[in-house]
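So that you can see what the record holds, here are the features copied from Swiss-Prot:
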| type | residues | note |
| --- | --- | --- |
| ACT_SITE | TYR133 | active site, proton donor/acceptor |
| ACT_SITE | LYS161 | active site, schiff-base intermediate with substrate |
| BINDING | THR45, ILE203 | pyruvate binding site |
| SITE | THR44 | site 'Part of a proton relay during catalysis' |
| SITE | TYR107 | site 'Part of a proton relay during catalysis' |
Amino acid sequence: MFTGSIVALVTPMDEKGNVSRSCLKKLIDYHVANGTSAIVSVGTTGESATLSHDEHGDVVMMTLELADGRIPVIAGTGANATAEAISLTQRFNDSGVVGCLTVTPYYNRPTQEGLFQHFKAIAEHTDLPQILYNVPSRTGCDMLPETVGRLAEIKNIIAIKEATGNLTRVHQIKELVSDDFILLSGDDASALDFMQLGGHGVISVTANVAARDMADMCKLAAEGQFTEARVINQRLMPLHNKLFVEPNPIPVKWACKALGLVATDTLRLPMTPITDNGRDIVKAALQHAGLL
């Protein structure tokens, strides 16, 4: 459940900005039908930053209810205050989620020792499996391989989502962790190379609109069929890149709407709808991928 193509799911909203239960069900059904390994609910792509704490919990619980055991659900529970991250994580202790994705603290930029103590404290307050999340382009904070190695010794810290796009990190981390520690790419454009170097899968934005392709690509990679996997990846490469032509999740929400997976591409401020130019770029990438 922690390998293959794991989708960083968008949070669908109606025109007033309320979470749409019907569209959420449609998205979950789409991923169940198309081979997605698991769903990350209310991560960065799921607009965790603009949901209240109550809404955050409600969306995860709604996702669990609608998934109904058909696909594993991972809760995004990161925060830049350790006590807040612990509280968010503990909310899901007995909920049915299979694990939590916890991003490095953002904006306050802790030291490596601060990062270690932060994730150690979260792990000590839950039995849920923890997936570390390193995305310095968003957080301003880069968790180094040596810190990951220390954290990997903690029993319920079982994986990392490594979103630097720096492929040397795969080897660096693998040298410092046990063989059962899971390495997940957080960068669609380099995910296949990441897996070829020994990674186990990807937490994917692209999978929101290309679930079957991403699942097939990851399956082929896991089987060592990289030539075949690369055919899929080359077709998706413009999409991997253009889904970030504007800040995530602006482009992917519009793409979901364009494919009829959600009713609107509504976001909450300060996120604003995609520009006309951005829409044209994403549309061309969807067409190149054979999705539109």
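From the backbone N, Cα and C atoms, a Cβ is placed for every residue, glycine too.
Bear in mind that the values here come from a model prediction, so they are computed numbers and not experimental data.
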Densest Cβ neighbourhood among TYR107, TYR133 (recorded positions), 10 Å radius: TYR133
Distance [Cα-Cα, Å, rounded] between ILE203 (pyruvate binding site) and LYS161 (active site, schiff-base intermediate with substrate): 7
Cα within 10 Å of the residue listed as 'active site, schiff-base intermediate with substrate' - qualifying recorded positions among THR44, THR45, TYR107: none
Cα-Cα distance linking TYR107 (site 'Part of a proton relay during catalysis') and THR44 (site 'Part of a proton relay during catalysis'), given in Å to the nearest integer: 15
Cβ neighbours within the same chain of THR45 (pyruvate binding site) - under 8 Å, at least six residues apart: ALA8, LEU9, VAL10, VAL205, ASN208, ASN248, PRO249, VAL252
Integer Cα-Cα distance in angstrom, TYR107 (site 'Part of a proton relay during catalysis') to TYR133 (active site, proton donor/acceptor): 15
Around the Cβ of THR44 (site 'Part of a proton relay during catalysis'), the count of other Cβ atoms that are within 10 Å: 23
